[in-house]
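**Q** Pulled these features from TrEMBL for this protein:
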TRANSMEM  B:20-40  transmembrane segment
DOMAIN    B:21-418  domain 'Ammonium transporter AmtB-like'
TRANSMEM  B:52-70  transmembrane segment
TRANSMEM  B:105-127  transmembrane segment
TRANSMEM  B:139-160  transmembrane segment
TRANSMEM  B:180-199  transmembrane segment
TRANSMEM  B:211-228  transmembrane segment
TRANSMEM  B:240-262  transmembrane segment
TRANSMEM  B:269-290  transmembrane segment
TRANSMEM  B:296-315  transmembrane segment
TRANSMEM  B:327-346  transmembrane segment
TRANSMEM  B:366-391  transmembrane segment
Amino acid sequence: MKLITAVVKPHRLDEIKEALQAFGVHGLTVTEASGYGRQRGHTEVYRGAEYTVDLVPKIRIEVLVEDDDAEQLIEVVVKAARTGKIGDGKVWSIPVETAVRVRTGERGPDAL
Amino acid sequence: MAPAITLAADAPTLSAANTGFMLICSALVMLMTPGLAFFYGGMVRVKSTLNMLMMSFISLGIVTVLWVLYGFSMAFGTDSGGIVGWNSDWVGLSEIGLTELWDGYTIPVSVFLVFQLMFAVLTPALISGALADRVKFTAWALFIALWATVVYFPVAHWVWGAGGWAFELGVIDFAGGTAVHINAGAAALGVILVIGKRIGFKKDPMRPHSLPLVMLGAGLLWFGWFGFNAGSWLGNDDGVGALMFVNTQVATGAAVLGWLAYEKIRHGAFTTLGAASGAVSGLVAITPAGGAVSPLGAIAVGVIAGVLCAMAVGLKYRFGYDDSLDVVGVHLVGGILGSLLIGFFATGKGQSDVAGLFYGGGLDQFWKQCAGVFGVLAYSLVVSAVLALLLDKTIGMRVSEDDEVAGIDQAEHAETAYDFSGAGGGAARTAVTAPVAPAESKKVDA
């Protein structure tokens with residue numbers, strides 16, 4: 001199994017979710033995150049005091065998949081997340097040793 | 001305030017219209033203190049929101065009680081040497097008859113005193129914006145009590161009390177440019193010079209945590225200010241109260257435009273904080289002047305105040321004093337502008353026949369205004385600094401560094417302003433398993 005993690009622009013969430021559903025993914029986890037890459041941040045002004053806000057809002061999407069599906073699923077996420085502008089984010093995968101469905105105790109690919 | 005009606009033949013009788021109007025105005029001015037609390041509360045970081053709200057709110061308790069005990073007597077009692085008043089019949093307010101009229105006016109004494117009480121409550125609360133994030137609540141409460149007693153009550157007497165030196169000199173202060181705004185602004189400067197900067201000033205980002213709250217506060221202040229300003233004529237028999245009402249709206253609108261225009265040119269954006277701040281700067285500046293100027297004059301006063309206050313809020317970074325929420329930049333500067341501009345823009349057709357420089361009156365009134373401005377400024381600055389020093393050397397003015405960094409709300413109020421965590425029914429961070437009686441739990445600790 002693999003864990004696919006995507007840190008992307010918040011407003012792409014719906015597109016990514018729909019693309020994943022179309023692909024046949026049954027579940028995912030979303031967390032609000034903040035960070036920066038090459039995009040860096042933006043400047044805000046309060047009564048003339050300028051602040052550089054370098055941590056910008058992002059969302060992190062995590063999906064567990066079977067090994068064979070991983071590459072294709074990454075492509076699906078990347079396609080749905082892309083706007084072509086700087087700050088679109090990153091997607092990566094890492095191997096997962098085991099997974100358990102809490103309700104039934106099923107293990108491995110059966111738990112997905 | 002309005003000069004007493006001095007018709008030789010008949011003494012004024014109670015006016016139900018003026019009495020009702022003044023009771024409503026008193027409630028409007030009361031609303032300014034919680035309005036101010038929101039205005040300031042939105043501007044601080046999340047960790048000190050509640051403390052900021054409480055610094056204003058507590059004034060409603062402390063000053064109200066002091067006003068009944070001796071404040072009203074000190075401010076409006078029989079004059080001693082132009083400095084302070086006293087009337088032992090007013091101590092505790094119990095000797096005031098229900099239908100007794102305020103001398104020379106058409107409203108009862110009890111209406112006049114409750115209207116003036118709201119001013120006394122608001123003024124110390126204004127100071128709190130400069131002291132954000134770092135002052136022990138007990139020290140602040142004591143400061144309010146001492147400051148009201150030795151600064152506000154006497155200064156209100158100077159400016160509005162029969163026999164007060166500024167009143168007798170002919171200084172024009174319709175609703176509190178000197179007694180309220182310069183007074184509070186100078187006090188703020190005096191105190192922050194003693195207690196010093198917030199940890200991280202000029203280094204850490206100190207962004208307002210809720211600009212909608214700031215806008216709400218500014219809106220409530222604007223609304224309440226109609227009572228503050230128009231009510232200060234104590235009735236509307238001659239239309240001057242209504243002129244003040246009009247000018248309050250006009251100058252404030254103009255000041256919003258002034259601040260925003262400056263900001264757009266200088267910093268590239270129209271900010272909500274700028275709009276809210278511009279409104280307050282205009283309200284402050286028209287407070288002393290609104291009964292003396294024309295509506296066009298009010299536009300001039302508003303624009304000048306909006307632009308110059310927008311420039312003044314940057315001074316703290318240059319000079320290195322931490323006027324956290326710009327009490328000096330808005331209230332002191334705005335109050336001075338409004339008070340001095342009377343010397344130029346007074347038409348002679350408003351509250352009195354005194355005309356300013358632009359209306360053929362020469363500079364006479366301007367010099368009188370200067371005397372009022374700098375007399376109040378110097379006294380408030382020095383005495384407030386001394387009071388802060390006194391408290392700092394005894395009980396200490398500031399919370400510990402750890403408490404300030406972690407957030408004064410938890411240290412001083414044992415509360416958190418917002419809980420957005422959904423987990424565990426919003427109590428993810430707490431470990432309370434059953435209600436504990438606070439007193440008992442403390443005994444166990446000891």
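Glycine residues also receive a Cβ, built from the backbone N, Cα and C atoms like all the rest.
Keep in mind that what you see is a predicted model, and the values were worked out from it rather than measured.
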**Q** Averaged over the whole of the domain 'Ammonium transporter AmtB-like' (B:21-418), what is the pLDDT?
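**A** Result for the domain 'Ammonium transporter AmtB-like' (B:21-418): average pLDDT 96.
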**Q** For the transmembrane segment (B:105-127), which stretch among B:20-40, B:52-70, B:240-262, B:296-315 has the most Cβ pairs under 8 A?
**A** B:20-40
**Q** May I ask for the residues of the chain that lie six or more residues beyond the transmembrane segment (B:327-346) and have a Cβ under 8 Å from a Cβ within it?
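**A** Distant contacts of the transmembrane segment (B:327-346): 126-127, 129-130, 172-173, 177-178, 180-186, 188-189, 277, 280-282, 284-289, 292-294, 297, 300-301, 304-305, 308-309, 312-316, 321, 354-359, 361, 363, 365-370, 372-373, 377.
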**Q** Have the transmembrane segment (B:269-290) and the transmembrane segment (B:366-391) got at least three CB pairs under 8 Å, pairs 6 or more apart in sequence?
**A** no
**Q** Out of B:20-40, B:211-228, B:240-262, B:296-315, B:366-391, which stretch has the largest tally of CB pairs under 8 angstroms to the transmembrane segment (B:52-70)?
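**A** Checked against B:20-40, B:211-228, B:240-262, B:296-315, B:366-391; highest Cβ contact count belongs to B:20-40.
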**Q** In the same chain, who gets a Cβ under 8 Å from the transmembrane segment (B:211-228) while lying at least 6 residues past its ends?
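**A** Cβ under 8 Å, 6 or more out: 24-32, 34-43, 118-119, 122, 175-176, 245, 248-249, 252, 272-273, 275-277, 279-280, 283, 287.
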**Q** With an 8 Å cut-off on Cβ pairs and a sequence gap of 6 or more, do the transmembrane segment (B:296-315) and the transmembrane segment (B:366-391) reach 3 or more such pairs?
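**A** Between the transmembrane segment (B:296-315) and the transmembrane segment (B:366-391), contact is absent.
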**Q** What else in the chain is close to the transmembrane segment (B:366-391), if you only count residues 6 or more beyond its ends and a Cβ gap under 8 Å?
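**A** Counting only partners 6 or more residues beyond its ends, the transmembrane segment (B:366-391) has Cβ contacts under 8 Å with 127, 139, 142-143, 146-147, 150-151, 155, 158-159, 165-166, 169-173, 178-179, 182-184, 186-191, 193-195, 332, 335-336, 339-340, 342-344, 356-357, 397.
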